[in-house]
Amino acid sequence: MTTRIAIAGAAGRMGRHLIEAAHKAEGTRPTVALEAPGHPSLGNDAGVLAGVGELGVPVADDLAAQADDFDVLIDFTLPEVTLAHVRACHAIGRAIVIGTTGLTDEQKQELAEVARDIPVVFAPNMSVGVNLCLKLLDMAARVLGDEVDIEVIEAHHRHKIDAPSGTALRMGEVVAEALGRDLKECAVYGREGRTGERDRRTIGFETIRAGDIVGEHTVMFAGEGERVEITHKASSRMTFAGGAVRAAAWLAGRPAGLYDMQDVLGLKE
Ligand SMILES: NC(=O)C1=CN([C@@H]2O[C@H](COP(=O)(O)OP(=O)(O)OC[C@H]3O[C@@H](n4cnc5c(N)ncnc54)[C@H](O)[C@@H]3O)[C@@H](O)[C@H]2O)C=CC1
Ligand SMILES: O=C(O)C1=N[C@H](C(=O)O)C[C@H](O)C1
């Protein structure tokens, strides 16, 4: 059975890759492409926009009007836009895959409530490699324990609007959970001035924004005499887009619930 995919943020950096990935993957096809009201791409063909040739899918700005034309919405936009799409999918009973980062705790709470009624995949990073790293981080934190200083370093392109990245925060959460810490209490975001000595129970975050870096994350576990670093480097957005399309195909027909990429990839015990 073919899963019909709607893509929100179709003209964006991720949106164009999502159109290509949904078009090229077996068992999925892009049938709806959404952009912001007034966006210059409205009315243009989504396939032409993505560089894969005409698909007969014009970019539009009204999700509800196309409710019958898709099975799963993939949304990589902005937190407030994502929440509006979550509410719309709830109203029409459609599944949604969310890649947008930077959601507030309140927005995440609303998402969790809606996921009681519709299937939702929500993950800050859809790549197989990052999700493997999350497993490795859990193991590293448990083995190295409180004997090491832990720092999360991430680098992204100059257009990224949220910091630290959703992936860096998830990495920090995984490490904190493994060590029985609460990330909200132990996170330190950047340092300046006379900081005093480092408290070993903190988890530090450093953010780089520069040029066209697609996405790089390193978690450093630094002890006396040795250090372990777990690094992931994305060199193409297709790695995220392919994961999101895989998640959409996996989600179609699932029961309501809040899932993540670890569920999609079968990485949960
Ligand atoms: N989970 C993952 O694997 C990944 C997540 N991301 C996240 O995805 C999000 C988007 O990233 P980019 O594509 O780089 O941003 P972008 O700014 O290039 O694209 C966002 C698009 O959403 C559109 N948009 C705004 N309002 C809209 C509306 N009402 N309806 C439909 N579309 C609307 C914008 O016009 C824009 O084209 C960010 O939060 C980023 O962190 C990015 C890459 C991978
Ligand atoms: O904005 C991006 O580009 C990315 N955002 C995600 C994040 O915030 O973790 C994932 C990826 O690293 C690219």
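Positions of Cβ are set from backbone N, Cα and C atoms, glycine also.
Copied from TrEMBL, the annotated features are:
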- 4-126: domain 'Dihydrodipicolinate reductase N-terminal' (DOMAIN)
- G9, A10, A11, G12, R13, M14, E54, G99, T100, T101, A123, P124, N125, M126: NAD(+) binding site (BINDING)
- 129-265: domain 'Dihydrodipicolinate reductase C-terminal' (DOMAIN)
- H156: active site, proton donor/acceptor (ACT_SITE)
- H157, G166, T167: (S)-2,3,4,5-tetrahydrodipicolinate binding site (BINDING)
- K160: active site, proton donor (ACT_SITE)
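Structure coloured by features recorded in TrEMBL.
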| residue | record | DSSP (3 states) |
| --- | --- | --- |
| A11 | NAD(+) binding site | coil |
| E54 | NAD(+) binding site | coil |
| T100 | NAD(+) binding site | coil |
| N125 | NAD(+) binding site | coil |
| H156 | active site, proton donor/acceptor | strand |
| G166 | (S)-2,3,4,5-tetrahydrodipicolinate binding site | helix |
Q. Could you state the CA-to-CA distance between A11 (NAD(+) binding site) and the residue listed as 'active site, proton donor' to the nearest Å?
A. 16
Q: Would you mind giving the whole-number mean pLDDT across the domain 'Dihydrodipicolinate reductase N-terminal' (4-126)?
A: 98
(Q) As a test of the contact definition, list every same-chain residue at least 6 positions from G166 ((S)-2,3,4,5-tetrahydrodipicolinate binding site) whose Cβ is closer than 8 Å to its Cβ. (A) T101, G102, P124, N125
(Q) Cβ under 6 Å from an atom of ligand 2: which of these recorded positions qualify? The list is R13, A123, K160, G166. (A) K160, G166
(Q) Quick check: of the binding-site residues listed here (R13, E54, A123, T167), which one has the Cα closest to that of K160 (active site, proton donor)? (A) R13
(Q) Return the count of C-beta atoms lying within 10 angstroms of the C-beta of R13 (NAD(+) binding site), excluding that atom itself. (A) 15
Q) Out of these recorded positions, H156, H157, K160, which one has the fewest other C-beta atoms within 10 Å of its own C-beta? A) H157
Q: Please find which two of G9, A10, A11, G12, R13, M14, E54, G99, T100, T101, A123, P124, N125, M126 have the most distant C-alpha atoms, given that the record lists them as binding NAD(+), and give only that distance in angstrom, rounded to a whole number.
A: 30
**Q.** Other residues, Cβ within 8 Å of H157, G166, T167 Cβ centroid ((S)-2,3,4,5-tetrahydrodipicolinate site)
**A.** T101, P124, N125, E154, H156, K160, D162, S165, A168, G215, H217
